[in-house]
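Here is what Swiss-Prot says about this protein:
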- Gly234, Gly235, Ala236, Gly237, Val238, Gly239, Lys240, Thr241: ATP binding site (BINDING)
- 1-28: compositional bias 'Low complexity' (COMPBIAS)
- Ser62: phosphoserine (MOD_RES)
- 1-39: region 'Disordered' (REGION)
- 1-54: transit peptide (TRANSIT)
Amino acid sequence: MASRRILSSLLRSSSSRSTSKSSLIGSRNPRLLSPGPAHGAAPCGTLLGRVAEYSTSSPANSAAPSSAPAKDEGKKTYDYGGKGAIGRVCQVIGAIVDVRFEDQEGLPPIMTSLEVQDHPTRLVLEVSHHLGQNVVRTIAMDGTEGLVRGRKVLNTGAPITVPVGRATLGRIMNVLGEPIDERGEIKTEHYLPIHRDAPALVDLATGQEILATGIKVVDLLAPYQRGGKIGLFGGAGVGKTVLIMELINNVAKAHGGFSVFAGVGERTREGNDLYREMIESGVIKLGEKQSESKCALVYGQMNEPPGARARVGLTGLTVAEYFRDAEGQDVLLFIDNIFRFTQANSEVSALLGRIPSAVGYQPTLASDLGALQERITTTKKGSITSVQAIYVPADDLTDPAPATTFAHLDATTVLSRQISELGIYPAVDPLDSTSRMLSPHILGEEHYNTARGVQKVLQNYKNLQDIIAILGMDELSEDDKLTVARARKIQRFLSQPFHVAEIFTGAPGKYVDLKENINSFQGLLDGKYDDLSEQSFYMVGGIDEVVAKAEKIAKESAA
């Protein structure tokens, strides 16, 4: 009991002293009060002093008037303070550059772009950290070779801003919006910052709607959602580039929309090949007809520093957002490869000294990817539908990078080498490709039942292939023989001549309407075309062309 009385008296003594001190300090400057460490040593020791000060400072803090929340609280805004201020480089570590400013008024906010002065080439830095002592840590958007301490750096007072609008169609830009196709500057009056908020919830379109591509296998079995995100899986040489170009062409013709291709960590050779193929196929037009081009390209090549590769996806998305929001377009955004986006952010995170997370990835993996993916959506004005090529490291689907990406996808389109070896193009695997849109509540009973019927026939054929390889077709039952015959016709009917491949194949491209597509495959499942040969189903558009081709083959064989 005696010890309790002593402790109680000590607390009262400390409280009275702290209260008197607090009132004195508070009368001079009430803002100096905080529930932090004691202003002076308490006679009863550090712990009792902290307890006493906390008990006395809390009422003072609660009495202070609470500031009203800002009108746009939670919304990302940019304080353009410090524009024109000059800092100096004080440290260079690879792609990370530290810059010191003279005073706090010239200090740039996070995500502000800075430009190095008196440098042989334009070098832009993006502010990432405030280190204290008026020093900011930045990420370089280009190589830092030749950069030395003491070099002047200009605060632009704005984030990285890139040109947008129709002037970008048919052009190739880098992460900063600078043209890299040697065709002169991009003349436009419209510019937007690459760091922007996702559309507000009230601006989003709530309905689910198919984006018709005119490609039979996609529209029937793995339809794309308007404003959705599609993962494109495929190795080299299976027709990924041709499929991308056909999607660009068909969306432009059917919906009047534009496309944006963002090469993230792209091989320079592949980027150049894509550009040349787009010119040959008419997706991009040069000279006086440039305004008729259907696609803008934004490249951050594999040899670029990690800062550029981490931001080039945002640059491409910003160009697409302008077409959606300002022009009300249905835009296709291609990102090749979304894994390289994650990889580049991981490199930047390591350079900034963050502690790595699982498998060495950055601790902000989910938020980095989410900031990009949440901006890809449908609004009441227009839509951005994204097709993202995905590299899976060591074919491990549980790797954090692809696993985080899968959570955002609405559909997957898998290109199969086995199907391409059969000469069936597009080589989309009808059994591995999936879509959230494949539901009777969204597509309707007719479309859903036809799609599931086609998949059932193809799956049964796949199960019978081992028996056929060992025993031959003669050992199958009549029902199984009919299943095999229909499955082989369906396989070939899923092939389709592309508009962008006309210059290679000589066959005119075909755009197949969704309703015609469903009716054609339903007729196949019902056995209406069992008497037609397999060959007549290969590389045609609708079922009418199949019948016409079968008649032509019959006449040629009769002659």
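Note: Cβ is positioned from N, Cα and C throughout, glycine not excepted.
Listed in sequence order, Arg417, Ser420 are the same-chain residues at least 6 apart in sequence whose CB falls under 8 Å from the CB of Gly237 (ATP binding site).
Of all the binding-site residues listed here (Ala236, Val238), it is Ala236 whose C-beta has the fewest other C-beta atoms within 10 angstroms. Ranking the binding-site residues Gly235, Gly239, Lys240, Thr241 by how many other Cβ atoms lie within 10 angstroms of each Cβ puts Gly235 at the bottom. Within 8 A of the CB centroid of the ATP site residues Gly234, Gly235, Ala236, Gly237, Val238, Gly239, Lys240, Thr241, the other residues of that chain are Leu415, Ser420, Ala427. Taking a C-beta cut-off of under 8 angstroms and a sequence separation of 6 or more, Gly234 (ATP binding site) has the following same-chain neighbours: Lys240, Ala389, Val414, Leu415, Ala427.
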